[in-house]
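For reference, the structure discussed in these notes is given below.
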């Protein structure tokens, strides 16, 4: 938009002064010099012509001067355009930033500045804006070409986040300008402004810019150093890198300031305080200047170090290449000097003691070449001719190698030497050398083998005699007649001759007028009203049409109708101009004709009477605004949000009447001031000042009067009547109160009453606390067993429990179902004991009544059970014992072998009887074989066969074979352990698949019977059973080989 664009234009004019040392400007007294001094060819000495590099400082200075000239040219172009059109807003002085940003604050006459700016003006601004930024880009591009080795992005890593934020903002702003140039519709331009405002705020651009300033100019807490200073430290005395860093950071600062100005102008806020941004630019300028000056003062010491480094890193190259690199590096890094580099056998004996040697030094036997270097320097702008040689303050006389080509010379064109001034061509040179003591004789002896270089041709006089006009500090570059001015903060120019100042004319008065309005009505920002850009005259007409049937208001309108019509006329022609319905000439002519017939003082006096009820028959409190508030309250509930909205709109319009009319008249003054002589201009400026003073006084009066004729703002927490803010109530207003959230309003009604001349509410309303309804009961805290459930209620009020009596929570017991159920993993005993379901049938009497281990419930092996054992290797064979009545009674043993009386893979009920020899009774060692007790894997057991009560035998394996034999004398009477005396009859019953198992043995389990000699093994049909170590000593993986030792158990 116009406001922002011109703010940006002025910003160039305000800020480019900071670039007068960016990089520092160097000025010299430069004598006339021939364009080129021809040098004779030499067979003894290589003297390649060294072209003086264009210095970065000179290039950057030139570019910035062009950029500043573009700004001035653009301003002049716009002035010329305005002259052709008679008058235009942009003619008001050079301080367009203050003027336009102020005009943009209020929408009564000027909403967004794009409204009053022609497309052609926007085009000029847009072209200039992008053009100058393009020039700044070209600076960086040029620096890139001068030094491709500088990794700027790596060096400026900490700047990258802020840099991209600013860069994106600038691109958005340029895009906005371009669209505005093409768009003529006022409302669409406003939308573009709003879009930029949202982009600026959402991306926190101003915060990023402030962070950037802080990052650059504030000392780091950890390193105790500022980032910008650290960047300069990284660059050392490399002038190219120093300048690149400075220009890059300066460009980010500059564009960031552009964005802030544009944002404030688009949003119609007061222009930001520029001091912060100017100080930041001054800061980096001064740091940059100081660093460059330090480099100038230490150039000679730095150059010696550079030569050593170059010779060391280029040891593999010839001396010519090394000298070329030295000359190139010194000329690049220290461009304020011209450099001559010479390799010699030696200097003349007394050369070092000569008074003519203050601008050269010798470095002896440097590097692997063992060469002696003589380095001579002088100011790069110093030029002389051979006849001026006696003015030199330095002459280096050197002994060279005549034919060995070991001596080399690199001299710039502005430095005299033997080749450019041979003795036979310039007798003055010979005479000058001959007269110089103490090495005259030595020169005469070695006339043909010496080479000389003369330097230090400074113009007479002090190059700082101008003193930077008293507005800065002047410093002379060592060994030159060049100087550099360090300007004070508010001065600029080559010799600090320009003072930075802003014109304080009508634009300042408009700013004061806006500030007065904001202070009077405590308005922080007018953005919303601005973006609406509403026509105040039309709004007043709508209000009049709505209530013209009301007697009181009609009375006031009739009384002041003519004065309101005059204000309406001013607003009408102002808006017509803003919408380009009339030309600027027509606006000026109509305003001039109107004001010639209607004195300004009288117009505003009548407006004041209407607003303040100060007319002859007016009554305080019965003015236009208070009467209108009564009309609204009669149609709507008093103090409700709709009432407040409508009353606020009227308040805003009335409060801006004075401001809008004054702005319009000041705009007219500013147009006319371009064509007045100094005397009339001074008189008009005084009128403008008086207009502003009177308007500010009246606006303060309006605010005080409306405050006096209104009760204080009705701001009560939770009160639903939110429409009675400051200045929106009136005497006699009655308000029915209510609160939100179920709270009770106390009292229920209040009134705005007069108490001793002051309006106040008849009571102080409040919303008292009360309990809300109880919530529903919560679910039981548990899914089974005894639990609790609760419900709550809230204290509706400001201080919670302090205002409400009684508990906020209730708790009661609840029961869902018994937790001791199988679905919850539990088992309930008959004695009501509850155990885990996993403990049922585990062989332990957990219920203490054997209920959980009953035979009907638990099918596992018990002591006293009859069992049969099927061999796993011979699946049809069963463990069998032999004993019959025919055997002699005194025969105590019987055979143990495999048999297949049982025909299948399990025992049928009849086979338990018919195959009695293949079933054994088993006893466990628990409670010494107590009948009915569970037998677990790992328990000791004993087995016996009983034919009759008198014929029984116990199963035994000894020593390696198994049989039946008598140890105990009767069945069921077996004593385990050492005291029993029948150890060979005891076996461990082991889970064949899990030796560590301690579970009860169940029908169908595969077992191993083992004693201390081994485990029981079947050997095939009708073969005796024996014992071996299989499955006892072997690993688990050997189970397949021990299948004959595995037995499947069956229980009757």
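Just so it is clear, glycine is given a Cβ too, placed from its N, Cα and C backbone atoms.
What Swiss-Prot lists as coiled coil is 130-194.
Sequence-distant contacts (6 or more apart, same chain, Cβ under 8 Å) of residue 474 (disulfide bond) comprise 463, 464, 466, 467, 468, 483, 484, 485, 486. Per Swiss-Prot, disulfide bond is recorded for 464-474 (among others), and the stated evidence type is similarity to another entry.
The disulfide bond feature in Swiss-Prot is assigned to 468-485 (among others); the stated evidence is similarity to another entry. A sphere of 10 angstroms centred on the C-beta of residue 485 (disulfide bond) encloses 29 other C-beta atoms.
According to DSSP, residue 496 (disulfide bond) is assigned to coil rather than to any helix or strand. Sequence annotations record features per position, and here Swiss-Prot assigns disulfide bond to 487-496 (among others).
Annotation comment: Swiss-Prot describes 711-752 (among others) as disulfide bond, evidence class similarity to another entry. Around the Cβ of residue 752 (disulfide bond), the number of neighbouring Cβ atoms within 10 Å comes to 23. Classification of residue 752 (disulfide bond) by DSSP places it within a strand.
The feature disulfide bond is assigned by Swiss-Prot to 739-767 (among others), with similarity to another entry given as support. For residue 767 (disulfide bond), other Cβ atoms within 10 Å of its Cβ number 23.
Sequence-distant neighbours of residue 814 (disulfide bond): residues of the same chain at least 6 apart with a C-beta under 8 Å from its C-beta are 780, 786, 787, 788, 789. Annotated disulfide bond per Swiss-Prot: 780-814 (among others), in sequence order.
Residues annotated as disulfide bond in Swiss-Prot: 784-820 (among others). Within 10 Å of the Cβ of residue 820 (disulfide bond) there are 18 other Cβ atoms, across all protein chains.
Positions annotated as disulfide bond by Swiss-Prot: 795-804 (among others).
Annotation for residue 829 (disulfide bond): spatial neighbours 835, 846, 847, 848, 849, 851, 852, criterion Cβ-Cβ under 8 Å with sequence separation of six or more. Residues or ranges marked as disulfide bond in Swiss-Prot (evidence: similarity to another entry): 829-847 (among others).
Around residue 858 (disulfide bond), the same-chain residues six or more apart in sequence whose CB sits under 8 Å from its CB are 840, 841, 852, 934, 1000, listed in sequence order. Marked as disulfide bond by Swiss-Prot: 841-858 (among others).
Model confidence over the domain 'Sushi' (709-769) is summarised by a mean pLDDT of 89. Per Swiss-Prot, domain 'Sushi' is recorded for 709-769, and the stated evidence type is sequence analysis.
Summarising the annotation, Swiss-Prot assigns domain 'LDL-receptor class A' to 819-859 and lists sequence analysis as the type of evidence. Long-range contacts of the domain 'LDL-receptor class A' (819-859) within the same chain, counting only residues at least 6 positions beyond its ends with a Cβ under 8 Å from a Cβ of the stretch, are 784-785, 932, 934, 936, 999-1000, 1002-1003, 1051.
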For residue 784 (disulfide bond), which of the disulfide-bonded residues 487, 711, 752, 767, 795 has the nearest Cα in space?
795
Integer Cα-Cα distance in angstrom, residue 752 (disulfide bond) to residue 767 (disulfide bond):
19
Going by DSSP, is residue 468 (disulfide bond) part of a helix, a strand, or coil?
helix
For residue 739 (disulfide bond), just count the other CB atoms lying within 10 A of its CB, please.
22
For residue 474 (disulfide bond), the three-state DSSP class is strand
Could you tell me the C-alpha distance between residue 711 (disulfide bond) and residue 804 (disulfide bond) in angstrom, no decimals?
32
Could you tally the C-beta atoms, other than its own, that fall within 10 angstroms of the C-beta of residue 464 (disulfide bond)?
16
In whole Å, how far is residue 739 (disulfide bond) from residue 795 (disulfide bond) when you measure between their Cα atoms?
14
Using the structure shown, find which entry in 468, 496, 784, 804 (the disulfide-bonded residues) has the sparsest Cβ neighbourhood within 10 Å.
784
C-beta crowding around residue 711 (disulfide bond), within 10 angstroms
25
Secondary structure content, the domain 'Sushi' (709-769) (per DSSP, counts of residues)
0 helix, 22 strand, 39 coil
Give the residue counts of the domain 'LDL-receptor class A' (819-859) per reduced DSSP state, in the order helix, strand, coil.
9 helix, 6 strand, 26 coil
